[in-house]
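Features reported for this protein in Swiss-Prot:
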MOD_RES   Val1  N-acetylvaline
DOMAIN    2-146  domain 'Globin'
MOD_RES   Thr12  phosphothreonine
MOD_RES   Ser44  phosphoserine
MOD_RES   Lys59  N6-acetyllysine
BINDING   His63, His92  heme b binding site
MOD_RES   Lys82  N6-acetyllysine
MOD_RES   Cys93  S-nitrosocysteine
MOD_RES   Lys144  N6-acetyllysine
Amino acid sequence: VHLTADEKSAVTGLWGKVNVEEVGGEALGRLLVVYPWTQRFFESFGDLSNAGAVMGNAKVKAHGKKVLNAFSDGLKNLDNLKGTFAKLSELHCDKLHVDPENFRLLGNVLMIVLARHFGKEFCPPVQAAFQKVSLGVATALGHKYH
């Protein structure tokens, strides 16, 4: 992913304020509620029967944190996203059989959650920079599929 110096500064500056546990749990929870077919990958997480159950589910929150920690690794390795996410791409492709479109959906949900948490600070230029990173991460995660 190619970011200008300003974009890189905007992304790293805002990301330093992100509570990965809170934002990750909310982003994954929203993905599971808004796109319910994604729940099939999380059947072992227990009750996902309604929005309240999903958003309050401790396993969803914990996995959301794990997802955002991986995203953080990507932010530290923007010049090598493919390498950074190679093992996760292989896992999601070969073992979990996750549709790679779900990575893009999660990225879009993450944008909504960041906007909700950071309001005016998540202005259009910051969103544009995050969107680039998110798409780069989704593409890297989908790499094994090609």
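Going from the start of the chain as shown, residues are counted 1 onward.
Cβ from N, Cα, C; glycine included.
Note that the structure is predicted; figures quoted are calculated from it, not measured.
Listed in sequence order, the recorded positions near Ser44 (phosphoserine) (C-alpha within 10 Å of its C-alpha) are Lys59, out of Val1, Thr12, Lys59, His63, Lys82.
Cα-Cα distance from Val1 (N-acetylvaline) to Lys59 (N6-acetyllysine): 31 Å (rounded to the nearest whole number). DSSP gives the residue listed as 'phosphothreonine' a helix state.
DSSP labels the residues of the domain 'Globin' (2-146) in these numbers: 119 helix, 0 strand, 26 coil. The distance from the Cα of His63 (heme b binding site) to the Cα of Lys82 (N6-acetyllysine) comes to 21 Å.
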